[in-house]
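A short worksheet on the structure shown next.
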Amino acid sequence: MARLGVNIDHVATLRQARGGTEPDPVAAAAIAEFAGADGITIHLREDRRHIQDRDLKILRQTVQTRLNLEMAATDEMVAIALSVKPEACTLVPEKRAELTTEGGLDVRIHQEALKLAIEKLQAGGIIVSLFIDPDPDQIKVANKIGADYIEIHTGSFAEAKSWKEEELELIKIENAVKLARKLDLGVNAGHGLNYNNVKKVAAIGGIEEFNIGHSIMSRAILVGLDRAVRDMSELVRYA
């Protein structure tokens, strides 16, 4: 049975739009956990456009499930992670001009820097995942440099323009899961998943956790966060 990690970045985005104190991502995390979330995911970006250092520090004290910190593999972020000690860190690519994370890490090009970050984080007792496209070469290098997990970038599947294209992307994801499992890598997935498409990916099997944010927060505006999390949790667990 797969787990659901709820990404609360968009709660912080709404707060930062006015530069005030509400809505508070810390409160949203508590509601999500009460509703059945298995973990809370946040992305502390270098430009601090949504989640702030204050959020991370308080969430480390209040999250009762598990805290997953998405971050760039920079010296600053590694130092922050080692001081806060989330259960897991997911290393992601980061561009200041992007609206959200676009595509997976190119582990082949950046393997030396990623390997160093992985080693430092693991030495601090933190589980490390790499956010990558469902590409066999990327998975093999992720394993080579010592990652504990991969998180499969499901954006191409979510943005497929036709049934045929969607099926091809599902096959890529399924093959990626099989390869990762063969290499003893844990597997998570996320990006672009919503209430209409997540069951197709969850039905593949072998994916331990789905990290979902935008779709849950969009639904929460209409039905409330508790209901939105419960509905997504049911889809993920019983696909």
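Don't overthink the numbers, they just go from 1 along the chain as shown.
For all residues, glycine too, the Cβ spot is worked out from N, Cα and C.
Features reported for this protein in Swiss-Prot:
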type	residues	note
BINDING	N7, R18, G192, G213, H214	3-amino-2-oxopropyl phosphate binding site
BINDING	D9, H10, R45, H50, T100	1-deoxy-D-xylulose 5-phosphate binding site
ACT_SITE	H43	active site, proton acceptor
ACT_SITE	E70	active site, proton acceptor
SITE	E151	site 'Transition state stabilizer'
ACT_SITE	H191	active site, proton donor
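Here the features listed in Swiss-Prot are painted onto the structure.
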{"residue": "N7", "record": "3-amino-2-oxopropyl phosphate binding site", "Cβ within 10 Å": "25"}
{"residue": "R18", "record": "3-amino-2-oxopropyl phosphate binding site", "Cβ within 10 Å": "8"}
{"residue": "R45", "record": "1-deoxy-D-xylulose 5-phosphate binding site", "Cβ within 10 Å": "19"}
{"residue": "H50", "record": "1-deoxy-D-xylulose 5-phosphate binding site", "Cβ within 10 Å": "21"}
{"residue": "E70", "record": "active site, proton acceptor", "Cβ within 10 Å": "26"}
{"residue": "E151", "record": "site 'Transition state stabilizer'", "Cβ within 10 Å": "31"}
{"residue": "H191", "record": "active site, proton donor", "Cβ within 10 Å": "26"}
{"residue": "G192", "record": "3-amino-2-oxopropyl phosphate binding site", "Cβ within 10 Å": "18"}
{"residue": "G213", "record": "3-amino-2-oxopropyl phosphate binding site", "Cβ within 10 Å": "22"}
{"residue": "H214", "record": "3-amino-2-oxopropyl phosphate binding site", "Cβ within 10 Å": "16"}
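If you compare every pair of Cα atoms in N7, R18, G192, G213, H214, the residues listed for 3-amino-2-oxopropyl phosphate, the longest distance is 26 angstrom. Secondary structure at H214 (3-amino-2-oxopropyl phosphate binding site), as computed by DSSP, is helix. For the recorded positions H10, H43, E151, a Cα-Cα cutoff of 10 angstroms around G213 (3-amino-2-oxopropyl phosphate binding site) retains H10. With respect to their backbone Cα atoms, R45 (1-deoxy-D-xylulose 5-phosphate binding site) and N7 (3-amino-2-oxopropyl phosphate binding site) stand 14 Å from each other. Comparing C-alpha positions, H50 (1-deoxy-D-xylulose 5-phosphate binding site) sits nearest to H43 among the recorded positions R18, H43, E70, G192, H214. Rounded to a whole value, the Cα-Cα separation of D9 (1-deoxy-D-xylulose 5-phosphate binding site) and H43 (active site, proton acceptor) is 7 Å.
H214 (3-amino-2-oxopropyl phosphate binding site) sits 15 Å from E70 (active site, proton acceptor), taking the Cα positions as reference. Every protein chain shown contributes to the tally, and the Cβ of H43 (active site, proton acceptor) ends up with 22 other Cβ atoms within 10 Å. The shortest Cα-Cα distance between E70 (active site, proton acceptor) and any of the binding-site residues H10, R18, G192 is the one to H10. For H191 (active site, proton donor), the nearest of the recorded positions N7, H10, R18, H43 in terms of C-alpha separation is N7.
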